[in-house]
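Trainee: Have a look at this one before I ask anything.
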Amino acid sequence: MAPPLHGESRAASWWRILGACLLAAVFLLAASSDACVLPPPFEAMEPINPKPYYEIGEKVEYRCKKGYLRQPFYLMVATCEKNHSWVPITDDGCIKKQCTYLNPPPKGRVEYINGTRTWGDIVHFSCVEGFYVSGIAALSCELRGDNVDWNGRVPTCEKVLCSPPPKIQNGKYTFSDVQVFEYFEAVTYSCDAVQGPDKLSLVGNEVLYCAGHQKWSSAAPECKVVKCPLPVVKNGKQISGLGQTFFYQATVTFQCLPGFYFNGSSTVVCGSDNTWKPSIPECLKGPKPTHPTKPPVYNYPGYPNPREGIFDQELNLWIIILLILIAVVGLALILLCACRFFERKKKSPEKVMPAIQISDHMVNAPILMPSTVQNPMKR
């Protein structure tokens, strides 16, 4: 692209300068001629026939914008005052138009997301359990010209139904003669009996139920031969699950011989891929390490989780020490307060001598010194 000519660039600069000068002139004219500039803008209303500036005392009338409804008893006129400002007004006199109220469909519910149904708001539909939404589940209130309306029709709630579940090779399911299953109706799969030493195992969920419209709870299982090899642990022995053939979900537990310890899990389960889960453990010679590396914990059917029901013994030691210190300090404060209370209780209040009333005839009586007082017993 060729660079712009110097003449074009200079012309554009002149137009910018001219626009700025005109804008400044408008403001200067308004200030010098005791006039107001453009009236304040509002979100819900706009001025009727606006002008560049208004003289003092001149009024501008507002009207509601498209999509807003005029409310009575609200001021819609602003006046240019002597200080070049406008009498403050608000656009509370114009409110958003509302779409019609939508009733929930039979067996359904309706929820207005913002609690209102003005244009821009959304309404959401849902159905009770056992039914599904047929149609648009969410509608929005839209502005169309000067009016508002929903962008679609209210959906319906239809009954959840399922077609028959998938058939499986070398297996079957119950209620195979039923063509339509209702919500939460279930079937149970099983494998056919076969000739030979190896039986068929049902791999997957045995029970399936109609969980949604044309949707079963899970994929159909399969019937196949699952056979894991004989589990052998050197320097160890089996203590449960003894046998010569190990089919799907067979569980075996091992024990190391004296002087050996486990490296791995002591319990394994025959998985659907003909391997043991987790892998076969080892029995290593020597004392068990104080802090051995923890093997990963697997949760397979029939395999217990060693953490279930066990309190976490790895409690932080510093937290325990802190709790003990807090308890000791609290006990010391209690004892100190008790001692001070008993000390104050033991102290008796100072005895106050009773006031002696002096009569008028005693005021002029002579004062006897201790040496002149006679013992009445010596008389």
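We count from 1, first residue shown onward.
The backbone N, Cα and C atoms fix where each Cβ goes, and this holds for glycine too.
Take a look at what Swiss-Prot says about it:
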DISULFID  C36-C80  disulfide bond
DISULFID  C64-C94  disulfide bond
DISULFID  C99-C141  disulfide bond
DISULFID  C127-C157  disulfide bond
DISULFID  C162-C210  disulfide bond
DISULFID  C191-C223  disulfide bond
DISULFID  C228-C270  disulfide bond
DISULFID  C256-C283  disulfide bond
DOMAIN    36-96  domain 'Sushi 1'
DOMAIN    97-159  domain 'Sushi 2'
DOMAIN    160-225  domain 'Sushi 3'
CARBOHYD  T290  O-linked glycosylation site
CARBOHYD  T293  O-linked glycosylation site
SIGNAL    1-35  signal peptide
Trainee: Here's one to test understanding: among the disulfide-bonded residues C94, C141, C210, whose C-alpha is closest in space to the C-alpha of C127 (disulfide bond)?
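Mentor: The answer is C210.
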Trainee: Quick one: give me the count of other CB atoms within 10 A of the CB of C36 (disulfide bond).
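Mentor: Looking across every protein chain shown, the total is 24.
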Trainee: Looking at the disulfide-bonded residues listed here (C80, C94, C210, C228, C270), whose Cα lies nearest to that of T290 (O-linked glycosylation site)?
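Mentor: Of all the candidates listed, C270 is nearest in space.
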Trainee: If you count, for each of the disulfide-bonded residues C162, C223, the other Cβ atoms lying within 10 Å of its Cβ, which residue has the minimum?
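Mentor: Each of the disulfide-bonded residues C162, C223 was scored by Cβ atoms within 10 Å; lowest is C223.
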Trainee: Give the mean pLDDT for the domain 'Sushi 2' (97-159) on the 0 to 100 scale.
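Mentor: Within the domain 'Sushi 2' (97-159), the model's average pLDDT equals 96.
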Trainee: Would you count the other C-beta atoms found within 10 angstroms of the C-beta of C157 (disulfide bond) for me?
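Mentor: The answer is 21.
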Trainee: Which residues of the same chain, at least 6 positions away in sequence, have a Cβ lying under 8 Å from the Cβ of C228 (disulfide bond)?
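Mentor: Residues satisfying the criterion: F246, F247, A250, C270, G271, N274, T275, W276.
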